[in-house]
Amino acid sequence: MSTRDTHPTLIFAAMCGVTLAAPITGADTALRRGEKIRGKDKISEKEAKVKGLDGDVRVSDSNVLTDDAALPAGTLDPVYEAKARVLNRAIQEIGMGRYQWQLFVVVGFGWASDNLWPIVTSLIFTPISNEFNPDRPPLLTLAQNIGLLVGAVFWGFGADIFGRRWAFNLTIGITGLFGMIAGSAPNFAAIGVFAALWSVGVGGNLPVDSAIFLEFLPATHQYLLTILSVDWALAQLLANLIAWPLLGNLTCPQTAAVCARQDNMGWRYFIITMGGIAVLMFVIRFVFFTIYESPKYLMSRGRDAEAVRVVHEVARRNGKVSSLTLEDLSRFDDDVAGDKSEKEREEALAANYSTKQAILRSLKDVDSSLIKSLFATRKMAISTSMIIAIWALLGLSFPLYNAYVPFIQASRGADFGDGSTYLTYRNSLIIAVVGIPGCIAGALLSELPRIGRKGTLFLSTAGTGAFLFASTTATNSPSLLGWQCAYSFSSSAMYAILYAYTPEVFPTRVRGTGNAITASANRIFGIMAPIVAMFANLETSAPVYVSGALFIAAGILALVLPFESRGKASL
């Protein structure tokens with residue numbers, strides 16, 4: 001790889017003395033394709049041929065192809081696995097180019113939105129409570145989490161049934177629309193409804209965006225999935241930068257006996273601004289960027305010709321030429337093609353692509369087979385179950401603590417003599433800034449051979465819990481802020497890895513479903529957080545201890561995950 005083609009992250013890593021995953025040479029590939037697969041994994045020579053693993057891989061001077069996959073050979077359906085490896089080679093042959101870098105930018109909007117809107121709810125929580133004086137303020141967070149759950153289920157499962165393209169564009173559009181409308185909410189019930197509606201859009205961002213980005217990435221650049229979490233941290237920074245002047249200056253004082261609307265307009269201006277930013281993201285995605293359907297998704301639906309066309313179109317956008325042909329994929333179907341003539345196959349293919357048949361075919365596949373595929377083998381079942389458990393634990397621990405950070409800062413800060421609204425949002429901004437290097441550190445650590453994704457996830461998750469425990473020892477405002485900054489750094493690194501690892505270990509055919517299930521577990525437990533808060537005493541350290549213990553438990557689970565995806569291509 002020439003210096004010109006080297007990504008800045010690799011240069012930065014070299015300057016820091018960090019060694020990223022070494023490129024896999026043609027000899028290494030041949031070894032993994034032949035001796036390792038047929039020997040260690042006990043796959044017969046005949047089976048290796050079915051999987052398309054015995055032929056030579058042609059490697060261009062500027063690209064390195066690899067068959068080393070995140071899931072061991074034999075885990076998936078052999079025909080699907082063989083075709084997925086062919087498409088991996090085709091994407092790697094094209095390399096990282098203009099289309100993928102543009103996709104990197106617009107997919108980042110999804111990462112940003114996923115963190116931005118829960119923070120929006122957190123930041124407006126106190127001003128809204130002061131203005132409307134509801135009996136149970138945490139119901140706002142509950143409404144948000146219900147919307148996130150609905151969004152995760154609908155968009156996640158839908159991505160495997162109807163495709164990724166429409167979900168990719170619509171999620172942010174829905175978020176922006178209802179976010180802007182929410183600025184005119186006349187009462188607490190209305191803002192709760194709007195929070196649920198914008199969250200339906202937010203809930204679908206990562207299940208869909210992570211899938212479509214991963215499926216266009218060359219294996220050599222799969223580390224970019226972890227780098228995307230910088231957008232997640234930048235969203236927190238952006239939200240706090242805008243909230244500081246608006247909520248800091250246009251909000252009723254905490255001590256005010258009556259909080260009139262005209263004295264509390266800050267949260268309305270703030271949420272309208274956030275909605276406007278989401279609409280701008282939607283326009284950039286929909287108008288200025290053309291998103292193609294994932295080739296691996298098309299292949300998994302039996303639409304090989306469309307998959308080949310998309311690969312060639314991406315190659316054209318990148319200024320390259322792809323050698324992929326339809327025969328490269330269809331040759332694996334010979335054993336099940338029967339005795340149909342070429343004309344009969346073409347007629348069947350044409351009928352299959354009609355609008356009516358496409359809809360009927362999609363609805364027909366709404367069954368348990370997608371979920372069963374996630375538990376197809378013992379190791380897959382263990383992996384899927386543990387990932388679901390990790391997301392569930394974080395779903396309770398993260399919102400239980402983080403959704404009430406402004407409240408904690410204000411109440412504890414008041415005890416320390418600095419509980420003003422201005423200082424509360426100033427501290428939130430500082431905490432947000434610290435999250436950015438946390439994402440970068442997590443991404444770099446996860447590429448170290450002896451640590452990898454699993455080790456980094458354990459260190460960052462358990463570290464997050466430890467910092468929460470330590471925050472209860474704070475005796476003054478600077479020490480409390482310091483522990484919260486450490487928490488922000490560690491939790492940002494944790495999410496950088498988790499958001500990358502989860503889609504990496506799910507095969508394309510069920511990646512949306514897998515993402516939907518894990519996100520749903522996260523959201524279901526997230527719904528429990530405001531319920532706990534309604535009946536718990538937030539003036540004590542109990543919520544912090546519970547959150548810290550859950551983070552540490554999730555970290556232990558991460559350490560014993562069966563698959564390590566560092567440096568391996570997704571299938």
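Just so you know, glycine gets a Cβ as well, placed from its N, Cα and C.
The feature transmembrane segment, as given by TrEMBL for the ranges 106-125, 166-185, sits at 166-185. In terms of C-beta pairs under 8 Å, the stretch of 191-216, 267-292, 481-501, 544-563 lying closest in packing to the transmembrane segment (139-159) is 191-216. Annotation: stretch 457-475 has the most Cβ pairs under 8 Å to the transmembrane segment (481-501), among 166-185, 223-247, 267-292, 380-404, 457-475. If you look at the transmembrane segment (223-247), the same-chain residues 6 or more away from its ends with a CB under 8 A from one of its CBs are 7, 9, 20-21, 104, 107-109, 111-116, 119-120, 123-124, 127, 210, 213-214, 217, 266-267, 269-270, 273-274, 277, 421-422, 425-426, 428-429, 431-433, 435-436, 438-440, 442-443, 446-447, 492, 495-497, 499-500, 503-504.
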